[in-house]
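Here is the structure we will look at.
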Amino acid sequence: MIVQKYGGSSVATTEKIIQIAKKIIERKEFTKDIIVVVSAMGKNTDILIELSKGISLNPLDRELDVLLSTGEQQTIALLSMALNNLGCKAVSLTGVQARINTKGSHTRSSIVDIEEDVIKKYLKEGNVVVIAGFQGINQEGDITTLGRGGSDTTAVALAAKFNCPCEIYTDVDGIYSIDPNVYKKASKIPKLSYDIGLEMTRLGAKVIDKRALALGKKFGVPICIGNSFKNEIGTIIGDDSMEELRVLSLVADDSQIEVKIKNIPNKIDKLSNIFKILGKYDLDIGMTENNLTDKNLNISFICSKEYTNLFSPIKKEIVRDIDRFVEVEVNNTTRVSIIGTGRINQAEVTSKIFDLIKDTNVKYKKLCTSELSLSYFFEGGEIKELINGLAQTFNL
């Protein structure tokens, strides 16, 4: 048994959908049971978002979920039609019909369980089961969506439920040491551990959703990432215990903001209340730092630019409920991260990177480290020269 997932670029046209149907039929010859998860066609999700803005700049999230879920529903119907037209039995299921149960906020829900009876029934009848990714149903009976990358999460969750591998197909040949659009000589990584993959996605790599990888690690789901239209192995993600020092990847990410909250009264209850307010908005934050003075506490963290508009109401709540002298500052930032195995943060690696930074015009701000990565933050300057230097220094 296998779960396959095809991204939006792979199903962007009816011609591509027919190609995917033929690929599935070829696989069906030696794999009895196949579940296929699909995204919306091409940029259809973005088109639906723009469509909603023609009605309201701030639509209710519940109604936005109902609208956005229709993108994947188009794809499952068309792919099922293509399969049946080519002589392969297939049935399409929305997230609701597949009994994908969710919880959490609209537009940012998470999967809590999948009731397998309906899917098993159709598989037993010999169907390829084509399921809409990115969506499910909550306890109130409402359609919810999982946020960007949610179809990856749907696919891995299904693979975990049915105890089988997951293949994620897209328009690239696998995971690369650096985004090939940034550095054309980047090398494909044939095998990757869950931990390194999670670190890469946490730091901005876009090939697979980090929630999908976290599920894969939790349930031991082997994940293969490859090109939808090539019959070759891409990148396999699974367990790996390599300890030898090795730089594997570089991720450059300019889609982040740095948020600084200053002049917080130095009391633990005030700090707790700050994070309660942030939690209300379902913020996904990382690399939190704090700076303590005699009277006040300053904290900073990194999060996605998509949350920028939330900080106006957040600031109002903090000033109202915490202290009127608290300041909230939001700035764009660029993060360049080196990721690897072994003692990646040893001084020798760090010194090489600072030597390269010194020879460029980027404005260095700070360094954050983890067991698997070194992340350098910059404001202003052109980072392409730095990326090229890092790639050559570490043979990426």
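Cβ coordinates come from backbone N, Cα and C, glycine included.
What TrEMBL says about a protein is an automatic prediction, not a curated fact.
Source: prediction; values computed, not measured.
If you look up TrEMBL, you'll see LYS5, TYR6, GLY7, GLY8, THR170, ASP171, TYR176, LYS206, VAL207 marked as ATP binding site. Residues or ranges marked as substrate binding site by TrEMBL: THR45, GLU72. According to TrEMBL, the domain 'Aspartate/glutamate/uridylate kinase' annotation covers 1-227.
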Self-check item: Nonlocal neighbours by CB distance (under 8 Å) for VAL207 (ATP binding site), same chain, sequence gap 6 or more
Solution: THR170, VAL172, GLY174, ILE175, THR201, ILE225
Self-check item: Whole-number Å value for how far GLY7 (ATP binding site) lies from GLU72 (substrate binding site) (Cα to Cα)
Solution: 10
Quiz prompt | Recorded ATP site residues LYS5, TYR6, GLY7, GLY8, THR170, ASP171, TYR176, LYS206, VAL207, farthest C-alpha pair in Å | solution = 20
Quiz item: Does anything in the same chain, at least 6 positions from THR45 (substrate binding site), have a Cβ under 8 Å from its Cβ, and if so what?
Solution: GLY8, SER39, LEU68, GLY71
Self-check item: Assigned element (helix, strand, coil) containing LYS5 (ATP binding site), judged by DSSP
Solution: strand
Exercise. Check the domain 'Aspartate/glutamate/uridylate kinase' (1-227) for me and report the mean pLDDT.
Key: 95
Self-check item: Sequence-distant neighbours of GLY7 (ATP binding site) in its chain (C-beta under 8 A, six or more apart)
Solution: SER39, SER151, ILE168, TYR169, THR170, ASP171, SER228
